[in-house]
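Per TrEMBL, the features are as follows:
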{"type": "COMPBIAS", "residues": "1050-1064", "note": "compositional bias 'Basic and acidic residues'"}
{"type": "DOMAIN", "residues": "36-130", "note": "domain 'Ig-like'"}
{"type": "DOMAIN", "residues": "148-217", "note": "domain 'Ig-like'"}
{"type": "DOMAIN", "residues": "237-325", "note": "domain 'Ig-like'"}
{"type": "DOMAIN", "residues": "330-417", "note": "domain 'Ig-like'"}
{"type": "DOMAIN", "residues": "423-511", "note": "domain 'Ig-like'"}
{"type": "DOMAIN", "residues": "513-600", "note": "domain 'Ig-like'"}
{"type": "DOMAIN", "residues": "621-721", "note": "domain 'Fibronectin type-III'"}
{"type": "DOMAIN", "residues": "726-822", "note": "domain 'Fibronectin type-III'"}
{"type": "DOMAIN", "residues": "826-923", "note": "domain 'Fibronectin type-III'"}
{"type": "REGION", "residues": "1045-1068", "note": "region 'Disordered'"}
{"type": "SIGNAL", "residues": "1-25", "note": "signal peptide"}
{"type": "TRANSMEM", "residues": "952-973", "note": "transmembrane segment"}
Amino acid sequence: MRTKIWQGFLATLTVLLPLWRDVSAVEIPPDVRQPPMITKQSVQDHIVEPTDPITVECEATGNPPPVFTWTRDGVYLNVARDPQVSMKRRSGTLEIFFWGRPEDYEGVYQCTATNEFGSAVSSHIRLRVSKARTWLKEYLEPVSVFIGLPLILPCNPPAGPPKPQTYWMNSSMVPIRQDRRVSMAENGDLYFSSIVAEDYLTNYVCTARFPNSNTIQQKPPLILQVLTARMAAQIAPKFMKPKGTASTQIAMLGEELVLECFASGVPAPSIKWTKDWEALSMQGMKLENFNKTLRIKKVSMEDGGEYICTATNRMGSLDHIITVRVKSAPFWVEKPESLVLSRDDSGQIVCRADGIPRPQIRWLVNGEPIEDAPKSPGRQVSGDTLIFRSVVPDSTAVFQCNASNQYGYILANTFLAVMDMRPRLLGFRDQLVKVTEGSQTHLHCPYFGSPKPDLRWSKGGLGALEGGRYRILANGTLEIRRSKLQDQGTYVCVASNVIGRDEMEVQLEVKEPTKILRAPHNVIVIKGSLAHFDCKIQTDPTLEVTVTWLKDKKFLILGRRMTKDEDSLSIADVYRRDEGIYTCRIKTEVEEISVSAKLTVMGNVNTDLLFSLLLSDRPDPPTDLEVSDPSERSVRLTWVPGLSNHSPVKEYLVQYTEDLLADYWLVPSGWKNLTGYPGQLNSVVLKLTPFVGYQFRIIAINAIGPSRPSKPSIYYETGGAVPDAIPRNIKGVGTGLFRNNMEISWEPLEYREWNGPKLRYMVWWRRQHSREEWKNYTTYWWCSHIIYETDTFTPYEIKVQAVNDFGLGPESPVVIGFSGEDLPSAPRSFRIMHRHYDTIYLDWEEPAEPNGLLTGYILKYQTLNVSVGERMQEEHIPPNTTYFSLRRFDRYTRYKFTLAAQTQIGVGEAVTEESPHFTTEGKNIYLHTLRQSLSSIETHLCYQVDIATQGWFIGLMCAIALLVLIMLTVFFIKRSRGGKYPVRDKRDFALEPVDEKDEGTFDYSRQGRSQGAIEHMQKMTNSDDSLMEYVEEDEIEFNEDGSFIGEYTGTKRDKDSSQYHESSEATSPVAIYSFA
């Protein structure tokens, strides 16, 4: 009776759910001030690794942003005072790092998000640390049993959490082979329906694997002694688990249900299941473990009832009835929705939940029981409904609805917001929507306001659209059913309330649908003749249309034999390989349609054969498919051929459907082609993949075409084997903002590549070019693993292999990965050079410590003596470029440059330099011209040296260069003294060596080394016979030959040494020699 009531309730729920969705609350824009709401939290039963940082999630919205607090076991958790606990910025997510005992942080956590409007709370999150416990050390006495008797070997694995996965092996780590006689139960116990003499040949080890910590524990080996003092007699079935003839089991709605049935007997009994004494539908069910296990993936109300397990052998049969009673934790029937009201309005919040047994509803406000909270006028609790009357701004609060029964609870946050706001349309303005005639059209207009605005749609601003083919959804969308050409035009969406209004326009264009006037048909042609497929279409003239042809779902390559015109496809001189399915695909901006036909190519035939062909038809499908000779990688499939219908069967096409893993559930893949076999066969061996469930069907093909598919075979699952495949796309990169880790990731194997149960991945790594041992870690589901405490940007050797319960798969090739990056050091050898009057050249070298892959350089520069309002210029330079040139305003402008390299982490250390003085006064104009000439000669000579490979040539060129430099130096010294006035001979002094690195550019790094020579020149300028002492500073003039115009003044002027050095720098032989 209870089941029938629930079936009626679920049917009513299916009808009401669309209606409830239509009346859902309007979403408040995030920029509007509003109470907090929890948007993300960890699962209620949160099991974590003891070695990894714990993350307990809690995210919330609200305006102003909420403040997060936590409790553990009902006590306030002071995050600031615990060095092992931190909270993410702008989030309530906790991060707990294990430095001591992980168990100290187990408990029940709850997050609270609070702003000025109220507090939202999360569900209770039970945090448990995964524990890989060990079996107690014990010695297991040998087990003696007579041949033919049943036996149960208990496993009793250590308790978790989480529950360990168990399997049986021998001491050589070889899995115990299981079959109809020997198999393992869900709790890990090993059941023998009867003992045979060969069972003593191995020992038995129960192994437990803890999936979270990826640790394996083993029980001590157990030795089995088989007593053969008597002959094994044939024995009728007797149930070992469950015992007796009847039992009861509780199933939780929506969860997995496992029913087991183990029976003893000689020979080993076969197991068959029925429900309420009728055959199982197998919808959502799966038989495993040689039919001893019935697994229901997701329990529904219809799964309640009586399940009968029948054990049968040649000595008799026995039934056991398992009564399944379906229970349910609470679930939402109508989840509470937040409510927005204006001042003095009234409303209600409804919270409806159900379960088996029916849950109790309890209300809270801002995280406290509503009966203990301060009373609010106008607020009333009526069972599962909160009623509000004449609300005021102080009525704003966050409410929690808690529904609980003995099997669990659910919690939902909802709020009441009291505000007055004019309507706002939240969608895109001036939308253009294109649809085809006859389709269903949706014009979107999301809105918000308080009081809740009235929303109206009109076409061209005239009249309201409602009823008939028009329907306005709760979110503001206008739905137009069966669009017509006359629906085209401008639609106006208007939202209004007592405070104001807002509107926007949407342009709708209705296009004619694409029509196929002449579709391609199946064609049978003789080899070497012409095949022709029609595809004449009619489309809307305002739409651009594209017609493409495909063969067997692959784009067709047109050429000499295959040509396409506007309405057809032609294939000249057809071959056998041209056979296949040809598809004409028509695509426009608003729709896409396809139509297909088959091409069959026949050999040379005579007239009689063509006449008989006209009387022929496609064959009938095969019947009575039978699966036999099972193994891990193959099975034999046998069938009875159908009628050929006057055309011999040329080929049998075997198709299959397999189980695929989708969202942790196995679902059928759909029918696929396996392989074809000659028409004279009716029994073949199929090559399959281990540990995959299959069904098969067969299609017979003759000259006319294929038959209808046969009825599917029975479900068949192959045995297991070690993995054959290697994980693909393995890589190792630094992750997050931390430089001392590396995330190893890879693509997971497809389910058909598992080859066995409980697939996991073993990850290996070590530093490259090191002698350290390989380290490894085993993951179960996750296709990534993070290595912590690595050096910055260090290469690692990485490999990954797949593992299942049958053993290790092949190792992948070694891949090189890099740990996390850091900020780079400053670029090296940063130089600033003047090669031209109006251009500054910069160059540099890569940083000594890049600490990652460089993404570029940041160059900032600004003139010295910055004027008010002048901005610093910034240039982004690619990582493979180490130079830069800048055109300046004039030759006297100086700049300050700052250069830094950057990686993905950010910008590193910077280096700063200023451009040097570039003097061009007085005689320096002449000197600059001379320096350019000398630089040109030296550059030319250096170029010749670079291309020369003979020693004598190098010596000759250097001698000539030295001679020219000496001559030019002597010439210039004589010229600078002038020929009209006698001067005292100057003292000799040491010259700096020639800088051959920079072509005519002064190396300011040597300025310090030349200081002695410059001081010596300053002393020389104090000589009584020095020409410069008698020259007026602002009245210097030159003849065409460079001599002075004027006379001695007879008065000597004492000048500041620094000023004199600045005005005479270019005239000193030291400077001339340095520039040369």
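Note that Cβ sites are derived from N, Cα and C of the backbone, with glycine treated the same way.
In TrEMBL, annotation is done automatically, which means it is predicted and not curated.
Taken together, the residues in the domain 'Ig-like' (423-511) have a mean pLDDT of 89 on the 0 to 100 scale. With a cut-off of 8 Å on Cβ pairs spaced 6 or more residues apart, the domain 'Ig-like' (330-417) and the domain 'Ig-like' (513-600) reach fewer than 3 such pairs and are scored as not touching. Using DSSP to sort the residues of the domain 'Ig-like' (36-130) gives these counts of helix, strand and coil: 7 helix, 52 strand, 36 coil. The domain 'Ig-like' (513-600) and the domain 'Ig-like' (148-217) are not in contact, since fewer than 3 Cβ pairs between them lie under 8 Å (pairs 6 or more apart in sequence). As a summary of secondary structure, the domain 'Ig-like' (513-600) carries 3 helix, 47 strand, 38 coil according to DSSP. Remark: secondary structure over the domain 'Ig-like' (330-417) totals 3 helix, 52 strand, 33 coil, with classes taken from DSSP.
Taken through DSSP, the domain 'Ig-like' (423-511) splits into 3 helix, 49 strand, 37 coil.
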